[in-house]
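K.L.:
I'd like to ask you about the structure that follows.
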Amino acid sequence: MASVARSSALLKQVAAQQSVAANGLRVAAFHTTSRKSLLPPPPQRIEGTVNDPVEVPPPSPSHGSYHWTFDRVVAAGLIPLTVAPFAAGSLNPTMDAVLAATILIHSHTGFGNIIVDYVPSKRVPKARKVFTWGLNAATVLVGLALYEFETTDVGLTETIKRVWKA
């Protein structure tokens, strides 16, 4: 009895190995495509000796947990600001302006975090500066556009309401 069970288990194991080998070749063929890097490799330089400690940057309240907390508070504040005008039924221009400003701040800090994370200042300092200035210019431009839209047109929440019913 044990020999029959053992031979059937061995047959299952051999079948599984053959299946893995056949599928493995297809997966390996799929994953062996060439990979292109977006940035050239960084220069190989060593500052100091191996026994020197790593420089710790000075603490700043605009980085770390303070920055993360501010982002989360703004994101959480968008929830009631988005729902309140439609739930209450009143279109208050002050609340509309606060909603537009909060969306603008949330977008600016979010895109700023993307730039900080994916455009390293040590590796590409000029590109980092260009992206940061571009973000600042876009934020000012969108802020002016939202101000103009709020003061001379129907406003953000009324526009959303009209588009929703269209």
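Just so you know, glycine gets a Cβ as well, placed from its N, Cα and C.
Per Swiss-Prot, heme binding site is recorded for H106, and the stated evidence type is similarity to another entry. If you look up Swiss-Prot, you'll see Y118 marked as ubiquinone binding site. Residues annotated as topological domain 'Mitochondrial matrix' in Swiss-Prot, with sequence analysis given as evidence: 1-65, 116-124. Marked as topological domain 'Mitochondrial intermembrane' by Swiss-Prot: 88-94, 150-166. What Swiss-Prot lists as transmembrane segment is 66-87, 95-115, 125-149, and the listing cites sequence analysis.
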K.L.:
Could you tell me the C-alpha distance between Y118 (ubiquinone binding site) and the residue listed as 'heme binding site' in angstrom, no decimals?
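P.N.:
About 18 Å separate the Cα atoms of these two residues.
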K.L.:
In the topological domain 'Mitochondrial matrix' (116-124), how many residues does DSSP put in helix, strand and coil?
P.N.:
3 helix, 0 strand, 6 coil
K.L.:
Per DSSP, how many helix, strand and coil residues does the topological domain 'Mitochondrial intermembrane' (150-166) have?
P.N.:
13 helix, 0 strand, 4 coil
K.L.:
Quick one: among the binding-site residues H106, Y118, which has the most Cβ atoms sitting within 10 Å of its own Cβ?
P.N.:
H106
K.L.:
Going by DSSP, give the three-state secondary structure for H106 (heme binding site).
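P.N.:
DSSP call for H106 (heme binding site): helix.
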K.L.:
Who are the long-range neighbours of the topological domain 'Mitochondrial intermembrane' (150-166) in its own chain, taking Cβ under 8 Å and residues 6 or more past its ends?
P.N.:
85-86, 91, 93, 95-97, 99-100
